[in-house]
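Under the heading transmembrane segment, TrEMBL lists 7-31, 107-126, 138-155, 167-193, 199-221, 242-260, 280-302, 309-329, 335-360, 372-395, 401-421. What TrEMBL records for 9-456 is domain 'Major facilitator superfamily (MFS) profile'.
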Amino acid sequence: EARRQRRLLLVVVCVALLLDNMLYMVIVPIIPDYIAAMRGDGGPSAPAGGNESAGGGNRSLLPARYPPAAGGNEDVQIGVLFASKAMLQLLVNPLSGTLIDRVGYEAPLLAGLAVMFLSTATFAFAENYATLFAARSLQGLGSAFADTAGIALIADRYAEEPARSRALGTALACISFGSLAAPPFGGFLYQFVGKRVPFLVLACVCLLDGLLLLALAPPCAAGARANMPVGTPIHRLMVDPYIAVVAGALATCNIPLAFLEPTIANWMKESMGAREWEVGLTWLPAFFPHVLGVYVTVRLAAAYPHLQWFYGALGMAIIGASSCLVPACRNFGQVIIPLCGICFGIALVDTALLPTLAFLVDVRHVSVYGSVYAIADISYSVAYALGPIVAGQIVHTMGFAQLNLGMGLANVLYAPVLLFLKNVCQMKPSHSERNILLEEGPKGLYDTIKMEERKG
């Protein structure tokens with residue numbers, strides 16, 4: 001029964017992550033028409049939108065929809081709109097991580113799903129830019145709770161390896177699929193059914209996911225939380241050098257993806273004369289190497305768990321090399337290859353280092369995971385908050401090639417830093433905390449001393 005329940009909870013978390021990333025990306029083919037309609041240039045039939053981007057999987061479609069003469073203000077609005085989610089998530093995550101450690105995982109996850117439902121419904125009925133901005137920011141608030149609590153819940157329920165790596169790998173695959181499927185899903189429904197339908201469908205799925213969570217683990221019935229230890233404060237986790245190394249790796253490896261998405265479309269049109277369908281399908285093939293990277297890392301981690309740091313370092317090296325190859329591409333087919341390499345490397349880093357964060361908490365702190373995965377979410381948010389705003393300015397002042405070379409060099413230089421984790425991955429957690437949780441007596445002098453210290 002417990003095993004079946006944790007599998008269903010994994011489904012709930014995966015659906016929540018899928019919904020969050022679909023809502024994050026579903027507005028790719030829709031926002032241009034929204035902005036065009038708001039400024040009186042027409043509705044869904046305006047050339048800025050819908051059908052042409054229905055096959056896309058790339059946020060960079062948005063700035064490319066506006067002519068340079070009239071696009072300055074709109075580009076700024078769109079950049080701020082996309083960055084608002086990550087910026088609010090960045091501000092809320094320290095608070096959400098602390099709250100999750102205090103009240104458990106189920107209640108914040110349910111609250112996050114409720115806020116995401118409200119955000120999705122707001123998107124459906126938005127009629128002006130202010131409402132869109134509020135809905136986008138509201139999604140960031142929901143994500144700060146749902147994403148962090150969901151990943152922490154997986155780490156808590158799948159405490160043993162390699163099951164933890166497999167479960168987190170499944171969650172990462174759902175994130176990737178949500179980002180890929182959302183733009184064509186939103187573009188098709190928006191073009192042929194109406195602008196509200198994509199959001200209403202996502203809102204219904206979000207509501208069903210929340211109801212399933214209520215049936216599986218009602219927050220009001222989570223009395224077992226009272227017997228759990230108090231988690232380590234997030235400020236102490238942030239100064240832990242090992243956790244800081246992992247957080248830095250997560251932020252650095254996601255910078256190429258976050259910075260390329262808003263800039264690569266314009267570069268492809270200017271440098272190789274790419275057509276709309278080529279721009280729209282740029283990221284589509286990258287989903288498959290991402291899933292392959294997750295699968296390979298999970299299998300390697302099961303066979304050689306002490307080499308997690310090496311898989312992360314290898315992933316960062318692949319990301320660095322792939323980023324440097326992007327400016328050398330001369331046609332659509334060539335661009336696909338380094339983008340697949342970037343996504344494959346990101347899968348290696350994420351799949352290797354997310355379980356490592358839980359392991360570090362187990363061996364160096366208290367096995368409560370809300371704050372540590374809030375730190376991971378902060379790392380992602382830093383990259384995606386800067387991407388829509390900073391990347392375009394860097395390209396304008398320094399050039400697209402210099403942007404890619406800088407991102408590639410940053411990843412290659414950071415890869416050796418993960419050697420710092422080599423010895424930590426070979427440590428074994430103490431059983432003193434488990435004895436306390438099970439209310440068993442300490443076994444051995446070391447466990448007795450640690451238990452007395454914790455009680456004191």
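Placed from the backbone N, Cα and C atoms, the Cβ positions cover glycine too.
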* When counting Cβ pairs under 8 Å to the transmembrane segment (138-155), the leader among 167-193, 242-260, 280-302, 401-421 -> 167-193
* Structure fact -> Other same-chain positions with a Cβ less than 8 Å from the transmembrane segment (7-31) and lying at least 6 residues past its termini are 49-50, 52-54, 56-59, 61-62, 78, 81, 85, 109, 112-113, 116, 119-120, 123, 132, 139, 142-143, 146-147, 150-151, 153-154, 157-158, 167, 170-171, 174-175, 177-179, 181-183, 185-187, 190, 195, 198-199, 202, 205-206, 209, 212-213, 216-217
* Would you kindly list the residues that approach the transmembrane segment (401-421) from elsewhere in its chain, counting only those six or more residues past its ends and only Cβ-Cβ distances under 8 Å? => 241-242, 245-246, 248-249, 252-253, 255-256, 259-260, 263, 308-310, 312-314, 316-317, 319-324, 326-327, 345, 356, 391, 394-395
* Who are the chain neighbours of the transmembrane segment (309-329) in space, where the CB to CB distance is under 8 Å and they lie at least 6 residues beyond its ends? -> 249, 252-253, 256, 260, 264, 272, 293, 297, 300-301, 335, 337-342, 344-349, 351-353, 356, 400-401, 404-405, 407-412, 414-416, 418-422, 425
* Touch test for the transmembrane segment (167-193) and the transmembrane segment (372-395), at least 3 Cβ pairs under 8 Å -> no
* Structure fact -> Checking 107-126, 242-260, 280-302, 335-360, 372-395 against the transmembrane segment (199-221) for Cβ pairs under 8 Å, the most are found for 107-126
* Over the domain 'Major facilitator superfamily (MFS) profile' (9-456), what is the model's mean pLDDT? -> 80
* Asked: Is the number of Cβ-Cβ pairs under 8 Å between the transmembrane segment (372-395) and the transmembrane segment (280-302) three or more, considering only pairs separated by 6 or more positions?
  -> no
